[in-house]
Amino acid sequence: PGVVSCADILAVAARDAVFLAKGQKWDVPTGRRDGKVSLASDADNLPAFTDSIEELKRKFAAFGLNARDLVTLVGAHTIGTTACEFFSYRLFNFSATSNGADPSINPDNVSQLRPLCPSNGDGTRRVALDTDSVDSFDASFFHNLRKGRGILASDQMLWTDGCTRSIVESYLGVRGLPSLKFNVQFGKSMVKMSNIEVKTGTNDEIRKICSAIMKYNYWQAFNL
């Protein structure tokens, strides 16, 4: 306490979560401090699942991240889930073709997803982002993009854009197995991202309770 920041704990935990999901470890630079400002409006410009590929590139570039970083970091969707509300609009009344679904979705995938996320169903229901291996940090996510099985529209667009598609292809490796090239670059891109506007030295603080900004008199009164 008072030495290791919440920001460092989060960065190390992210690395260890990838390792526990059969990915590779990377060296995490430490020494970050915790900021004192937390505003919802600061998240307004984060990448969104409805953004075009050009908008995603622009948002990443604004923080010094290039197209390879974009593809690599989105590759984290090889593990985890998303809610129906973020992609079910692609399954019903999206177009006059492809049985009303987004034509960029593999028809077989449409038939699998509709029962999970029915029209006017529970938008909070969770669905795997990588339908083949939700708990494994492997190359399956990129193989899914090649087959039109990306769950989020912003994921699938990585295959339709020439620049990002070439990067996806370089990460394909063997389906169901870790991709060495992807794993190595993922560590590099995570370090690069974790250094965005990093607080070090005597800037800001090291929190004792990660959910709250420290107020000196309050913590002193409770001997924290």
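Please read every residue number as a count from 1 along the shown chain.
Each Cβ is built from the backbone N, Cα and C atoms, and glycine gets one as well.
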Of the candidates C84, C163, the one TrEMBL records in a disulfide with C117 is C84
Looking at TrEMBL, which of C6, C163 bridges to C210 via a disulfide? C6
Can you tell me how many other Cβ atoms are located within 10 Å of the Cβ belonging to P47 (substrate binding site)? 16
What are the non-local neighbours of C117 (disulfide bond), defined as same-chain residues 6+ apart in sequence with CB under 8 A from its CB? C84, F87, S88, L91, G123, R125, V127
Within 10 Å of the Cβ of C6 (disulfide bond), how many other Cβ atoms are there? 18
